[in-house]
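Features of the protein shown, as given by TrEMBL:
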- 61-81: transmembrane segment (TRANSMEM)
- 88-106: transmembrane segment (TRANSMEM)
- 126-149: transmembrane segment (TRANSMEM)
- 161-181: transmembrane segment (TRANSMEM)
- 201-225: transmembrane segment (TRANSMEM)
- 253-273: transmembrane segment (TRANSMEM)
- 293-311: transmembrane segment (TRANSMEM)
Amino acid sequence: MTGILTWYLLGRNTCVAAACIRLPLFNAHQLEVIPSVTMTLGSVLATTAPVSVGPYHYVPTEWICVLFVVLYSISTVLHLGQALKYKLWWMIPTATFAGILEILGWSARLWSSRNPKLLTPYEMQIVGTIIAPTPLVAANFIILGRIITQVGPQYSRLTPKTYTIFFCCFDIVCLIVQAVGGASAAHSANTKTSASMGANIMLGGIAAQLFAIVVYATMAAETLLRLKYNAPFRYVEQPRILEKGQRAVSKNLQLMLCGMAFCTLCIFIRSVYRTVELANGWNGPVISTERYFDWLDGGLVTLAIYTLNFFHPGILVKKDDHTAHTSQQGSDEEASTT
């Protein structure tokens, strides 16, 4: 039977450089020879190598996308329920909204796992996963302002109200910049034009957020150090006076601070990753590797958002602690005068 060549690889050290087999195919009805199909040994082996598919340069793993959609959905429902229970309405546009954005982003990646070449889900996941942690950072800013109110505003460079307004406004600016950059990149992907401008805008937004996190953490550390060594930064009319044996920071506030520190660390590492990712461009090795995104974005943001579920300000930061302490202090002063 002509055209069939069989290779036998004999010997322990035998090496085949290349092989080419031409197999003429016959049509059973017309008995005509169809043009031969060329098959090389190299092409057969190449089928096991990863193939660049769609804008991701890989196909998102379906079960991982499902896992993150479920995890973020659970956390978001918990945050909404906790916000309603403890009447912390600001947790809805912050932590709850962050969860909704993550659900949107990972649902789009789930869509891409079945249709990796579609641009619409790719554009959705760009915007969703980029801006989602920003409202979560704002929640940490507000919580720190409330903690400063309780431990003593005199130890902080900024008043609790100014602290919250300044950092939240800066966070909103970062959110807008990242959203504009994501929309620009998505539009460029849709029109098949260069998306470098959108990437640079997003990179600027993430870098600004990274800077805000560093300043926020530095000022928080300074406040706690001043509290520890009783070194007030400024004068307040009604300073907090510790009673004998009273802790400067209660156990609940210590837990809240530990939770906030871990949450901030997760978001900080994630922001560093996204900065490196976008700096390398849309075709760089970092953005083209799925496991980096799964661990350093999805995994870290999951830890951050669940941290605020378990270390919730409604449980650990009582709204009436400071007022109760002030009223008790006034009662003691009245009793001492009588």
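Using N, Cα and C of the backbone, Cβ positions are placed for all residues, glycine too.
Comparing 61-81, 126-149, 201-225 for CB pairs under 8 angstroms to the transmembrane segment (293-311), the maximum falls on 61-81. Listed by sequence, the residues of this chain that lie at least six past the ends of the transmembrane segment (126-149) yet keep a Cβ under 8 A from its Cβ atoms are 90-91, 93-95, 97-99, 101-102, 104-106, 108, 155-156, 160-161, 163-164, 167-168, 171-172, 174-175, 178-179, 181-183, 185-186, 202, 205-206, 209, 212-213, 216, 220, 223, 253, 256-257, 260, 263-264, 267, 270-271, 274, 297-298, 301, 304-305, 308, 313, 317, 319, 322. Beyond the transmembrane segment (201-225), the same-chain residues lying 6 or more positions past its ends with a Cβ under 8 Å from any Cβ of the stretch are 130, 134, 137, 140-141, 144, 148, 151, 155-158, 163, 167, 170-171, 173-178, 180-182, 184-185, 231, 249, 257, 264, 267-268, 271-272, 274-275, 278-279.
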